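Chemist: Pasting in a structure now, in structure tokens, and then I'll have a few things to ask.
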Amino acid sequence: MRVLVWIAGLAPLAVAVPSSSYRVAVAARADNTSASVAPSQNVSGAAPPELVVYTLPCEDGNSTARTAEIRLKQATLLYGPSLLGNASYFPGGPLGDAISLRDQTVWEGAAVVQSLRAFTDAAKVAANIKQNGGLNSLDDFKVLYQDGWKGSVPQGIARGQSENYTSDLLFSMERLSVNPYILKRLHPTEDALPFQVDRATVKQLTKTSLKALHAAGRLFVADHSYQRNYTRLANRYSAACTALFYLDPRSNQFLPLAIKTNVGADLTYTPLDTDNNNWLLAKIMFNNNDLFHGQIFHVAYPHAIAEIVHLAALRTMSARHPVLALMERLMYQAYAVRPLGERVLFNKGGLFEQNFAYPQDMVYKFVGDSYPTTGRWRAGYLDTDVRARGLVDADYGPELPHFPFYEDGSRLVEVIRRFVRSFVDATYHESDEMVAKDAELQAWVAEANGPAGVEDFEPGPLDTRERLVEVLTHMAWLTGCAHHVLNQGEPVTASGVLPMHPTALYAPVPTSKANTTADLLGYLPSAQKSVDQVTLLARFNRPDVVPTNQTLRYMFAAPQLLLGNGEAYRRANQRFVRAMGRISDEVKARRFDDRGLSQGMPFIWQALDPGNIPFYLSV
């Protein structure tokens, strides 16, 4: 007597269990373009060979085989050591290894195609730079992007990034868009000032004092001082900047006030340091720290935290469980990124070390140091996070007039939540009691809070539909939204655009403002290294998700989920697709207003366009 257990596209694993006919298929993964279905496509025809009708444990007529399946997974899918630093466990054991290898194969197929595009584009751009006579000024960096990267980055870089690169407003608003995870508002009584700024300078810039701004809840900080003791690679340099921002009481704009380097002479720069382009250099130094933060932060949040919650579910829930099937869809190819990252990106001498200032061990250090905080599940809920940092609904300071990350993100979360609520209500027949009595669901929660070691997970028992809705909504936010704010196409289109966002500095941090060379070219990558930087970041982009309907808009449109979950699921998916389509149309239509601004910024930010970003953890 045998059961054929299909684990998300692997060859069948035949194991001896007490059943002769029970077949399990985790069929929700998008291993090909048919895994997502546009609204116009017919999904009511012939069922796939391994059609699964997803059922709760209490509704399954073959509980013996279901229990045997879970026992098999617990014996062969283990908690292995973390990869890319000390974060969450990574799948181990025979089944864990097989799942990861399967995901790596899928990931590498897309990566090879995208890399070839990037290399082809890079050759054309290098020729353009040669024809220009090199990159001989800051403005020349526009040549790096003009008429280039059309194959690998068809969406182009964010409009305004090249044209307005010297803008202080652009610099400050990037903290509220391209990397919103480092910023916090300083509480007037609970947070001390991170450093002092010359009184006369503050008065000239703000017409008030640092103390008054602090007391009014108008001061914000972005702190990368943790990088001060990081080892740098030979002939690469970086500061460890802490930046102060303020909400101007006159213009109501969010603006930069000062940047402190925290290394060497520990200079503090302000917008009044215009001689020798010192202030521009200070912004470049901060952006260099910030680009490192965004790229490595995203290893822990969302990758590591989403993986461990899903791994706990795999070990405790049947593949026939509708909740696990939904998570399987969200975690498409997820277990490729960390092992491949170790092998080709963060390895000694690998792509990261070829471009960034820090070696592999500093990457691992950042992940290990940050994960106890970034890996907290409930603290990472979108609204919980931004409120904890005083960026939304702070009772000790005025509201930010624009917060593009939250404006876009909260709309997506609400659409996701509406779908998930419909799914949970239909699955549990609108009964909290059924949620509480779902043995596999409760086992998952106990596993996450126990052996899996998930920090700050929902405590058990998980006894209401609404709490389950929040967990699944956050899972979808992590894989289909939060990831793409920091990675995917965002670095090549905004957070890594040169000359303001180099992956490394190529001259030492100044020990005196008088020593800065005004053209700043010595601090920036050479023409070839600039092409290398853009090439690397372009390889993170995934434009093919648009024609294959693997975008966020089609997150829940896997044929097997549509067929295996009933009519209520199909109707909810149709509403989801329409709502995300409307948001996508609005994001694509963004233009500058009569002040040259979009969402209060002098560049157009489209990182959370649900019609353009993957529904999954792509890179």
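Note: Cβ is positioned from N, Cα and C throughout, glycine not excepted.
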Chemist: Please pick, from Val153, Val178, Val197, Val619, the residue that Swiss-Prot records in the Mn(2+) site together with His298, His303, His483, Asn487.
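Modeler: Looking through Val153, Val178, Val197, Val619, the residue Swiss-Prot assigns to the Mn(2+) site is Val619.
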Chemist: Counting every protein chain present, what is the number of Cβ atoms, excluding its own, within 10 Å of the Cβ of Asn62 (N-linked glycosylation site)?
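Modeler: Result for Asn62 (N-linked glycosylation site): 16 other Cβ atoms within 10 Å.
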Chemist: Name the one residue among His298, His303, Asn487, Val619 whose Cα is closest in three-dimensional space to that of Asn62 (N-linked glycosylation site); these are the binding-site residues.
Modeler: His303
Chemist: Do you know the mean pLDDT across the domain 'Lipoxygenase' (55-619)?
Modeler: 98
Chemist: What is the separation, in Å, between the Cα atoms of Asn487 (Mn(2+) binding site) and Asn229 (N-linked glycosylation site)?
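Modeler: Cα of Asn487 (Mn(2+) binding site) to Cα of Asn229 (N-linked glycosylation site) measures 25 Å after rounding.
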Chemist: Indicate whether Asn86 (N-linked glycosylation site) is helix, strand or coil by DSSP.
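Modeler: Its secondary structure by DSSP: coil.
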Chemist: Report the residues of the chain - excluding His298, His303, His483, Asn487, Val619 - with C-beta within 8 Å of the mean position of the site's C-beta atoms, for the recorded Mn(2+) site, in sequence order.
Modeler: Val299, Pro302, Val337, His484, Leu486, Gln488, Leu617, Ser618
Chemist: Sequence order is fine: just name those glycosylation sites in Asn86, Asn164, Asn549 with a Cα within 10 angstroms of Val619 (Mn(2+) binding site).
Modeler: none
Chemist: Check Asn515 (N-linked glycosylation site) against DSSP and tell me helix, strand or coil, would you?
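Modeler: Where Asn515 (N-linked glycosylation site) sits, the three-state DSSP reduction gives helix.
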